[in-house]
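I'd like to ask some things about the structure below.
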C-alpha cells in the first residue's frame, strides 16, 4: 500500500506500508477477520509454548539464546501490527474518508495510491506498517547474526564454551537491530527503491550460505579429528561439546533455512502475481497470512527436530495433548484390561503356591 501525502505547497511525500485493504462486503470482512483471529490465537499459543520450552531446556550456548530468542519474540509485534490493520478494516478507527482497495505490495500507479492531505487518523496504521517491516528485516538480519555467532564459535573453539562475556551477542544484537530499524524506516518512508528493499534479502541469503558452508566444513573437520584415535591435537571436553553444539545448531538451521526459503519463495511469487493481476485478489488473503502464520512450520520444525525439546513440547502443547488423548483412549482401555488380567493371574499363582506350601506342612 502506497500513501501519497500532498501538502498545501504541492510537495508530495510517500509512505510504503505492507498492509492490504480489500473491496469486499463488510460482513465478509468480519467473517475473514474472525477466522484470522482464531488462527492467530493458535499461533500465539504455539509460539509461547515454543519459547517456554527453549528457555526451560537450554541445550545451546547462552550467546545463541540471546540472539535467536528475540527473533521469535518480535512475532508478537508483527501480530500487533496486523491487529491494527484489522481495526482499520472493520472501521473501529474512524476516518473522514474511505481507504478503498489496496492489494498491491508496491505500485507507481497514482490511481492505486491512497491520496491524503495529512496523516491525521493514520498514525496507528503507519505504526502497524512499521512493526511489520521491522519483523521482516529483523528475521533477515537476525539469521545473518546467528550465522556470524556460530562462525565465531567455530573460530574461537579453544575457549568459546567457557567464555562468560556477553559482548559478542550484545554487539551482534545491536548491529542487527540497527540495520533492521534503519532499513524499515527507509522502506516505510519510501527512501529506498523496490530493488534496494529486496537487496538485504539477497545479501543475507548469500552471506548466510557462505557462513553455513564455513561452519559445516570447519566443524566436520574437527569432528573427524576428535573421532580419530591417531589424532595429534588434544581436544578438551568443552571443545568437543562445542563442536557437537555447532553441528546440532547446523542441523536445526538447515531445516529452518529450507522452511524459510519456501516461505520467501511462495510469498514473493504471490506478491508478484497479485501486483501484475495474474491471479484474483481473493488469493491475497492466503498470501498475506502466510507471513503471519509462519510459527506453524518454523516452531514445529524447531521443536520436533531436537529430541529434548520435542518431549517437553508435546507435554506442554495443549493441542498436542488433545490429539494424543483422542488417539490413546482405546489403548488406555486395552492396557487397563491387560493390567487387571495380569494382576489376577499373579494372585491366582500366589494362592496356588501358598496352598501347595501348606499341604507340605
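A Cβ is built for glycine as well, from the same backbone N, Cα and C atoms used for every other residue.
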Could you check which of 256-276, 319-339, 340-360 is flagged in Swiss-Prot as transmembrane segment?
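Comparing 256-276, 319-339, 340-360 with Swiss-Prot, transmembrane segment matches 256-276.
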Labelled transmembrane segment by Swiss-Prot, one stretch among 168-188, 231-251. Can you tell me which?
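Spelled out, Swiss-Prot records transmembrane segment over residues 168-188, not the other listed ranges.
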Out of 90-110, 195-215, which range is noted as transmembrane segment by Swiss-Prot?
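The range carrying the transmembrane segment annotation in Swiss-Prot is 195-215.
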Return the stretch with the most CB pairs under 8 A relative to the transmembrane segment (34-54), choosing among 124-144, 168-188, 195-215, 286-306.
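Ranked by Cβ pairs under 8 Å, first place goes to 286-306.
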Can you tell me which recorded stretch out of 66-86, 124-144, 168-188 has the most Cβ pairs within less than 8 Å of the transmembrane segment (195-215)?
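Top-ranked stretch among 66-86, 124-144, 168-188: 124-144.
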Any residues 6+ beyond the ends of the transmembrane segment (124-144) with a Cβ under 8 Å from its own?
1, 15-19, 67-68, 70-71, 74-75, 77-78, 80-85, 87-88, 93, 175-177, 179-181, 183-185, 187-188, 200-201, 204, 207-208, 211, 257, 260, 291
